[in-house]
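Colleague: When I checked TrEMBL for this same protein, it listed these features:
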type: DOMAIN; residues: B:106-295; note: domain 'ABC transmembrane type-1'
type: TRANSMEM; residues: B:38-59; note: transmembrane segment
type: TRANSMEM; residues: B:108-134; note: transmembrane segment
type: TRANSMEM; residues: B:146-165; note: transmembrane segment
type: TRANSMEM; residues: B:171-188; note: transmembrane segment
type: TRANSMEM; residues: B:219-240; note: transmembrane segment
type: TRANSMEM; residues: B:275-296; note: transmembrane segment
Amino acid sequence: MFAFIIRRLAVAIPTILVLVVLSYILMFAAPGGPFNAERPLPPNVLENIEARYGLDQPYWKQIYDYLVNIVFHFDFGPSFKYRDRTVSDIITQGFPVTLTYGFWSFVVAVIVGVSLGIAAAVKHNSILDYFAVGVSIGAQSLPNFVMAPVLVLVFTLWLGWLPGGGWNGGEWQFVVMPVIALSTSYMASIARITRSSMLEVLNAGFIRTARAKGLPMKRIIFRHALKPAILPVLSYLGPAFVMMITGSVIVDSYFSTGGIGQFFVNAAFNRDYSVMMGITILMGVLTIVFNLVVDLLYAWIDPKIRY
Amino acid sequence: MLTSRTSPEQLGDLPQRAEVKGRSLWRDAVGRFAANRAAVISLVVLVMIFLFAIFGQILSPHEPDYVDFMLRGNIKELGVPSMENQHYFGLEKEGRDLYVRVVQGTRISILVGVVGSIVAVVVGTLYGAISGYFGGRVDNIMMRIVDILLAIPFMFVIILLLVIFGRSPTMLFVGIGLMSWLNMARIARGQTLTIKNKEFVEAAIASGVRPIKIILRHIIPNLAGIVVVYATLLVPELIITESFISFLGLGVQEPQTSLGALISDGASQLNYGTYWMLAFPLFFFLITLYAFFFVGDGLRDALDPKDR
């Protein structure tokens, strides 16, 4: 187990390094520096400011300092656009919002998706099955940026049930639409994966044995079939997480929830490179950590996997 | 039946039997594809979308960047889709003809998808085949690189690229091309591992063919089936990626447009009641996606021997 974690970290750490170096190189390649203004500063003033931010150092030293600051002080440096805020301020402000609806959409997607998939598999070739398959095929390629405007059209403009945007401290009316918009497409994928793997498991010999000895269907499904059937779903959770993280950019900017994605898009328009880099790196690290957790979970559930 | 003896009479039949037309792998695949109704219909739809994207402009008297000032003041009432003034899809929010814009947007979206997919096919297949064929340490290092790149949330990196180097279709191609080949490389490698131990590769090695020629002449042609399937399924994914970026307003720039940008424009005008601005781009976006997905699925069923 321990060696397994070490091996995974051996891939994870270079990944983060590549991400940091890549984004840093991109930033060096960008035309213009943070202190280029319409009226150029006197050279000695510019020199002083650059020394203050460590921009006079060689590149490798800058990257090194940047990394050290992130790891030990959670400090991603100052924002180029908002001089009085640091990137860490922006992250700590926006991240809880993103985390809230991200968490709920994950929960909704997994619970609804898995139940729909199981129901469809158990009632194979029934109306319910066809319904589930139809919905999941349709929803799977329905991206969140299509869901978002359609939801607003229906629930805000036609029915008037839900507010079309904003966050308001996370009241439930404001969370519903972001969660639906974000979770739909991978809920559909989860349902499809669950259905097909459940069908496979239900045809296996040990399920027939369980039925032969007269166990109730409910017990067979939850006690015997669920665990092996859930494995493919688990390995899909990694990509789903990436989809969710990128989708949060759409949700944030369409519903103005004030999450981290909104800051990212604003930074993209303002050429606020340090904010963009900070958020990119944070998302990369989150993805890697999440994949690690999924791998461990997988190894824990599936006894066939040996480290 | 392996040891059954062939009687002379049966041998006499042989020339006749040879005249029966052989069934190649590809002919089989075409037959299976044709039997899949959803895939065939999708293929027809796809061809129509392609024709629409390439020649759709001809049907309209309007230019993509012409603003109709006569109607612009009151788009909600005068800009509705109508046959009379030949604004088939109505006007978009700036007063330009939506039909021509949709043609243009479909063209760019499909172009991005197809170009990205071609990059994936060329780079990914070569990379995967080389990695799988040489194996050992080379394979290990090459695949670790892919693993590392796969763990990066690429959407953010593409946006970073676009912001830094300017928002142009070229940069979009580069960014999408950078990420599209990774999964292809993995698939190609896996397939190469099973092919490289076959007799014909052994024969090639024994007769002294150089490794690079073995890869190009013997391995890659045998990857064709799976590569075609995956490339078809990749196109809609890349269209979604591109539209995602354009929806945020970070993709292709005016006067050019893409389906994502048009959907975004339409969505921003929703509360003025001009639903057609969202409906038409959305319709073309979705049927393009579904058509590609179904054709891809059909190809997989036809070419992938595993699920038969």
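Glycine residues also receive a Cβ, built from the backbone N, Cα and C atoms like all the rest.
Small disclaimer: the values here were computed from a predicted structure and weren't measured.
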Colleague: Top stretch among B:38-59, B:108-134, B:146-165, B:171-188, B:219-240 for CB pairs under 8 A with the transmembrane segment (B:275-296)?
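Modeller: Counting Cβ pairs under 8 Å, the winner is B:38-59.
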Colleague: Output the single range from B:108-134, B:146-165, B:219-240 maximising the number of Cβ pairs under 8 Å to the transmembrane segment (B:171-188).
Modeller: B:108-134
Colleague: State the residues, same chain only, that lie 6 or more residues beyond the ends of the transmembrane segment (B:108-134) and have a CB under 8 A from a CB inside it; answer 'none' if no residue qualifies.
Modeller: 49-50, 53, 142-143, 146, 169, 172-173, 176-177, 180-193, 196, 211, 214-215, 219-220, 223, 227, 230-232, 234-236, 238-239, 241-243, 252, 256-260, 285, 288, 292
